[in-house]
Amino acid sequence: MTDFLSYWRGTNWSFDVLYILPFFLIIIRGVSFYLYGRATDLPPMLSGWVPWIGCALQMGQQPLNFIQNARQKLGPIFTLKVLGQRLTFVTEEEDIEVFFNNPDLDFELAVHKPVKNAASIPPEPFFSNHFKLHSMMKGYLAPAKLEPLCKRLNEKFSWHVKKWGESGSGDLYKMVRKAMYAPVVEGLFGDDVLPTNDDEYKTFEKLFVQFDDNFEYAAQIPPFFLKDFNSAKTWLMDKFVTATKIAEKAKLNNGAETLFQTLIKTVDHEWAPNFGLLMMWASLANAIPITFWVLAFILENPDVLAEVRKELRRELKGLLFCWFISFAKISLEKLQNLELIKRCILESIRLRSPGAISRGVEKEIKIKDFTIPEGDMLMLSPYWMHRNPKFFPDPEAFKPDRWLQADVKRNIFLKGFMPFGGGRFQCPGRWFALMEIQLFVAIVLKSVDIDLLEKVPDNSLLHLLGVQQPETGLMVKFRARASTESRDF
Ligand code: HEM
């Protein structure tokens, strides 16, 4: 040891380094090639201490914060090793275009495993059905086709809001779920998926919440680890098997197919119940929490609430709203004019967007100076992108008026806004989502007075997949608006 130290102390550095450095570089390169089979210009990586598990434990309960901390530590492009998978995050605005439009990045590669775990659809039927299913959804839910859906939802939302009662208190999130689930499922899937008897309907609600709450974990780890998720899935899948049989036999109502009937005709017959369940989850899992946030943010800001009520009075003049009659006929055209509500919706979606969306790297790509190897999952976080002050000054504040600079009527949004993803497989339900949320918020604020009994909760930071859930409940007191008041236009 002493010999070794004296060698280092006494050595002629400039001469020896010249010989030793290239040698070290070759070794480093060799090790890196062994590990990754390619160049060393990979993004910096956090790999955790436990093989295969990687950073999964450190990400723990706060994956959203973990990725933001990793960004501060490692820079704008970085890789996290999680459960045997390399997740490479891009976080700067100039990377958005690459993420959505590079032909070597693939949406299907990113989602086929979660789909297998969560909806029991193996890769082969997924790949052969996915493209046609997406195209069908996009066509069925296109803006020009929404009028009949809007009409159907109108009556059902009003009726379910009426079921809250004349006055009372409750958790706003639960109230929204209760009033929206059934109308949305019946509107898109017909009357045969949901149980008609009250007790069984309560079981449906409970099990769907169980399915939804665990979906994110079920998408990542083999489902046999998640007992609650599995039992909920089996129960819900049974409903879809029965509903598929009924829907196939049913005569079409004036030629107007439900989304589910069209789905059955689109995908391979034996997988229709599985795709049906997956579509039902997609149609409820994001839009309903966002509806909760919109109401919560509006109610938390009295000035905004006053302006919204003024808009409702002005634009819905002549329409009858009162708690004991359950119809409020708001056409699509009328909704178009409720621009402030639309701005509140866009602002709420901005603040509570999905934690991350992903694309599979099919063939090695270059981003800035980094090589992103084939097999990586490229990740982008709308949640953090929407907190970029360059696009959204004072990003944490709820400011519906920032959307005055957009053209919300024509659905031209602000730069940097990407809650629905982008590219070929952008969310096909986005126009339907905006319509149903706007309709529900209008009906509620027109027919019910709601007071917050506590502070609006933060989002839970637990979720990367899908929009943000509230950390806790939000107790409110409500009272149906008097019929005279409702008619007071
Ligand atoms: C505020 C509400 C919603 C948000 C924020 C949202 C967001 C998203 C996002 C981020 C994606 C992935 C897109 C990508 O990776 O580029 C997606 C996919 C999808 N969304 Fe939505 N979504 C919402 C509502 C809905 C609704 C109401 C439906 C159905 C009626 C729906 C159906 C779907 C489907 C089927 C996919 C998968 C598309 C595919 O597999 O090709 N979404 N959504």
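Here the Cβ of each residue, glycine as well, is placed from N, Cα and C on the backbone.
Taken from TrEMBL as is:
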| type | residues | note |
| --- | --- | --- |
| BINDING | N286 | substrate binding site |
| BINDING | C427 | heme binding site |
| TRANSMEM | 17-36 | transmembrane segment |
| TRANSMEM | 275-296 | transmembrane segment |
If I take the alpha carbons of N286 (substrate binding site) and the residue listed as 'heme binding site', what is the distance between them in whole Å? 11
With Cβ-Cβ distance below 8 Å and at least 6 positions apart along the chain, what are the contacts of the residue listed as 'heme binding site'? List them in sequence order. F420, G421, A433
Number of other Cβ atoms within 10 Å of the Cβ of N286 (substrate binding site) across all protein chains: 24
